[in-house]
Protein chains: 2
Amino acid sequence: MSALRFPDLPPSEPQGADLLAQERSKTTFSVHDLSNYLYGEEYLERQEKFLGLIENEPAFDKSNRYFLGRTERFAGALKKDYALVKLAQQQKWTPEEFQQADILIDEPGPFGLHRGMFMPTLVSQGTDEQHELFLKPALRYEVIGCYAQTEIGHVSNVQGIETTATYIPETNEFELHTPYLTACKWWIGGLGKAANHAVVMARLISNGKDYGPHALCVPIRSMEDHTLLPGVMAGDIGPKFGYNTTDNGCMWFDHYRVPHISLLAKYSSIKPGSGEYIKPPNSKLSYGTMVLIRASLVGYARIGLAKAATIATRYSAIRRQFVDKDQPKKMGKEVIETPVLDYSMQQYRLFPIIAAAYACHFTSKEMMRLYYLNIKNMASGNFSLLADVHASSSGLKSLTTTMAAASIEECRRACGGHGFSSFSGLPLMLQDYAPNVTWEGDNYMITQQTGRYLFKSFRDLVAKRASGKFSASQITNPTLAYLNTYLDNPDLKCPATTPAQFHNPEIQLAAYGHRAAHMVAEIVHGLDVEKRSWNSMLVEIYNASVAHCQLILVQNFILGIRGDMPQPEGIVATPLSPAAKEALTDLSDLFALHQIHKQPGEFLTSGYIDAKQVSMMGKAIMDVMEKKIRPNAVGFVDAFAFPDYYLNSALGRFDGKVYEAYTEMATREPINQTEVIEGYEQYIKPFTNPKGLKGKSIQARL
Amino acid sequence: MSALRFPDLPPSEPQGADLLAQERSKTTFSVHDLSNYLYGEEYLERQEKFLGLIENEPAFDKSNRYFLGRTERFAGALKKDYALVKLAQQQKWTPEEFQQADILIDEPGPFGLHRGMFMPTLVSQGTDEQHELFLKPALRYEVIGCYAQTEIGHVSNVQGIETTATYIPETNEFELHTPYLTACKWWIGGLGKAANHAVVMARLISNGKDYGPHALCVPIRSMEDHTLLPGVMAGDIGPKFGYNTTDNGCMWFDHYRVPHISLLAKYSSIKPGSGEYIKPPNSKLSYGTMVLIRASLVGYARIGLAKAATIATRYSAIRRQFVDKDQPKKMGKEVIETPVLDYSMQQYRLFPIIAAAYACHFTSKEMMRLYYLNIKNMASGNFSLLADVHASSSGLKSLTTTMAAASIEECRRACGGHGFSSFSGLPLMLQDYAPNVTWEGDNYMITQQTGRYLFKSFRDLVAKRASGKFSASQITNPTLAYLNTYLDNPDLKCPATTPAQFHNPEIQLAAYGHRAAHMVAEIVHGLDVEKRSWNSMLVEIYNASVAHCQLILVQNFILGIRGDMPQPEGIVATPLSPAAKEALTDLSDLFALHQIHKQPGEFLTSGYIDAKQVSMMGKAIMDVMEKKIRPNAVGFVDAFAFPDYYLNSALGRFDGKVYEAYTEMATREPINQTEVIEGYEQYIKPFTNPKGLKGKSIQARL
């Protein structure tokens, strides 16, 4: 029997292409200008060039991505990673260029952690000799590495790891050992099948003393034939919610000896022979990398938000449901069913996500600027920025990845039933995005780091103010500024008396600042005066971190549009056209006000906002969504400049031909390759035609 | 090369089994008693019996479930559905017994909609002759059917469907036709490969007049060999986020003729020859089935909540992280890392989910009782219950399925990294549960039905009160009761002045009632006085439905524990032991207070609760969680009585041997069946050993 062929019918009128064209004709700004402002022209030109190299190359083909089982997908990812490295070598890509191509292909693979964690760890913690030995062959992919930190019984808590690395003075070696099942390395990306080396975090033991977790770089598979080396057992940890194209692996050591050079020794080391431990000079230095990773996750959150919003917004302009009797929609003279994007609920669900994508864009840019500034400062011994940047990056990692994961799911549901189809692109996106809320610091856990910094800043500020020697000019960062404003007047009330006044950014910032400071003050009171335990206040601490970071997002959005945001050294900002500036200001208003309106509790209990103002804010939001953002919605997502190859979505296509693409994809479903399913004879026929009747008679009975 | 063998090491102390034993020793009530109260002894005994029949039968084996690709999973589901029907026939199961076994196996299959929608539609809309023709063979699975309503361009909007069924008087037939791509039937469970018949919703056209959507029962595949009948094209719609063991299908008709008997004619029909349309007597009758389905989804939400909570709670008692310095945890004399269940944030995440599972249990029971009462009433012409039950069931379907989907994901994340592993059981649970938020009425859309009823009730009540002829004794249902209390005093304030007073159920109910009524009053003011459009108020309408339904959940929880809940006729309630009653009261308090504390906005703007009280409530919650619920947490989830076979989770095992089970499952990963991955020669070796070096030399370079 042959494969099914679905009929070649057109959709009923109006066509998706015409609806999107109508949307695009209403956009009040140049999409091209806004894209340039976001990415810069060079980036966009390179995207075009890379698409040309990638899109039609079989190793990077996405057309079967949604159909394959895990085994086939992993095999494909290995092939893809190989081809990508070959292409990068041939094209002489910089790491930034590599990353841009990698984003377009959009599939985590077995070599990802080699680049993302293994090599960066060698760079930051290895000596020159170790760079020669490990990093150079790693750059050529001769050494392929993974970063083996987490253990099955100790996923988020590095201090709790049980794997040991015991120094053996007699042979000047370390002996790696897995004493318990709970010490088995687990979740290690690239370890399952691909890596031949691992950076292993193990408790360093010398002369009977335990110095806690340290990193060693060790071979795990034979360079000759890729078999496991004696003393090492490793494999894949099995299927996961997402990320199934990566071989997250597990590893046990059985008294596995490695040479002294394995211990990454830039900061701390063991003296050969004596086994004496040499302490790291400054533990703060390692915070820098953590800030970089967390800041870059804010950028990835931006991509997740923007990608999901692109698909859901374009499809919501095409998908029609019911006729809105108060405001019937017309196409020419005909009344058509109302596009779901015209319904206020759909706007309330989607537009804040578009706004959040832009908010994260500006904050991610600012975090990267601060990261590089801090690195430069630290190199000259100035650690003044570190605490604030570290605290913000932790809280922002938590907040923005939580927002992005929730928003991808919201966009999936906002596509109605079709968001459940893999062909929408949203299920796999959600699944592959999901680990972001857990890795690099669990999103609940790491907000304690933000909290600690906020409480310390508050206590210091209160003490300084009480000392009588304080002047506002001493304030060195935005955190202290909003805490100080609050302390000046904890009973401040919002002066707005009309919905329109909430468009004033000063009022928005005051509301967020007052709320965050009030929460910090309450927690410090709970800890210091009521003597409540830290554990009993974890919920409040989490909420305070969210409040602090929402303020940062609002702030950077406002500055980002104004053009007031400081630029990285040597970078001249592309100017934003007045029309785009006006449109982005609407989004910024929505971003600031929607969060207050949706969850007004803390703004109300902080005393700054009252119930009447929340209700006014609701009207301000509905108004800006319907009149200002609605006409620009498709323009805003078009400006993200995601090519169809990247989106890989029937619903999110630029040309609006959603149903044509959707049904075409279904014809490629493997079980559609025969008309009658394979199990028919065994599992259906015994019920439906047990006697094996033939001919017309049997059909005629019905 | 042979399959990998992982080392056989024990976890470090303390063992999961010991930790769970310690938890269970602290439970203040008999788990067995509470299970009996929830399910009745008969149900639990039957569960044991069914487990014996199912657990070791290869067709129902779950050990490969997480490894297979879609094609293999569908093949397995077809085999499973066949075996289950055979077993049911052999055991002579009632539909209820079938359902109980089906829940244990927990895998949607190709025959699911045959039972769930096809046969029920025949029952409710078919004539006796049609029952003879279609239903009887359907009960034997000779006819295997599906329910073909949604179309690719019209998923939630039945009125928008485009498939036509035109009456042809000359031959006394109907001609089914798919005029456009948008009219293609889509998402139809069981249609892709399994069904040989379909109930098709199509616009009924006779004598040129369009009578809107009607149901026809038609053959689609040959009874002889299962090939598609001429004029019908059908296939599978491809991979989805979940439900991949069901063949959701698509279907086109090309001027497909079916006999007159195909039109399901219990309520409306076409006169043969003349083509005259005979109208249905009462359109309200069809609401009954919708109420049943939505009420049953509340029950399934309960299962989802309870199952996810069981896994996450048990594992959180075993998983340990850090030492809480304020309150170090001891096991014997040893200080151990603190089980994550001791952290207040983990409690705040998980305990409300346990509470929600119990809340949904009592409300689902009450909704089923009301459904049967309403059916009985309607049969005698009494429609007084219908509007309230229909409105509540719509809003509750929306609220509880939204809660359950969010809670499964929250439980997944609360297991830390391991919740991302398929072996936790949570990813597949989440994926298969996800359609509940969309099907049987999109969760945003259907709250408009709840809203309409609430606003009408409010307007009627206001008019009655204004008429001067009103007395409170006229109030016939709980909705009117809380609206009336509000109208008596819209400025009522909560009298609580201490955290303890929030444990008073009257205060809890007053808070929820006042908030819901206030929201209804505001919306009616917006619509009737401010003349805002319905569309502009959809967000408020959704929120009002949520508020109304949260009140119902709180109410039924309180009544369910008191034993004050009305019982279905002929059912004598199992009594609840005093110890279990006390423990459940703690959960009920948490359920009521947590929602206020977490999202206090509407309670504050309603004026009933003030900021100080929200803060007191926070203390009341933390207190009840730490002192009352924490010791009973494992007991509460044990009482759900889910066997390990059902949970299919390494983390949620009753015996606590999580890491042993987890690593054992990983050994069965297909790519672990060889030590060196298949793609090595092609995609890894060219980098790592391009010259094909052999022997020790190559390793020695490192």
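The backbone N, Cα and C atoms fix where each Cβ goes, and this holds for glycine too.
In TrEMBL, annotation is done automatically, which means it is predicted and not curated.
According to TrEMBL, the features are:
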ACT_SITE  B:Glu440  active site, proton acceptor
BINDING   B:Thr150, B:Gly189  FAD binding site
DOMAIN    B:31-144  domain 'Acyl-coenzyme A oxidase N-terminal'
DOMAIN    B:287-454  domain 'Acyl-CoA oxidase C-alpha1'
DOMAIN    B:504-688  domain 'Acyl-CoA oxidase C-terminal'
* Asked: What is the number of residues in the domain 'Acyl-coenzyme A oxidase N-terminal' (B:31-144) that are helix, strand and coil, as DSSP sees it?
  -> 85 helix, 0 strand, 29 coil
* Asked: Sorted by position, what residues of the same chain at least six away from B:Gly189 (FAD binding site) have a C-beta under 8 A from it?
  -> B:Pro108, B:Pro110, B:Gly112, B:Leu113, B:Gly116, B:Met117, B:Cys146, B:Tyr147, B:Tyr243, B:Thr246, B:Asp247, B:Asn248, B:Gly249
* Are there recorded positions in B:Thr150, B:Gly189, B:Glu440 whose CB lies under 8 Å from a CB of chain A, and which ones? -> B:Thr150
* Taking each of the recorded positions B:Thr150, B:Glu440 in turn and counting other Cβ atoms within 10 Å of its Cβ, which one has the fewest? -> B:Glu440
* Asked: Cα-Cα separation of B:Thr150 (FAD binding site) and B:Glu440 (active site, proton acceptor), in Å?
  -> 11
* Asked: In this predicted model, what is the average pLDDT of the domain 'Acyl-coenzyme A oxidase N-terminal' (B:31-144)?
  -> 96
* **DSSP-derived structure type at B:Glu440 (active site, proton acceptor), helix or strand or else coil** => coil
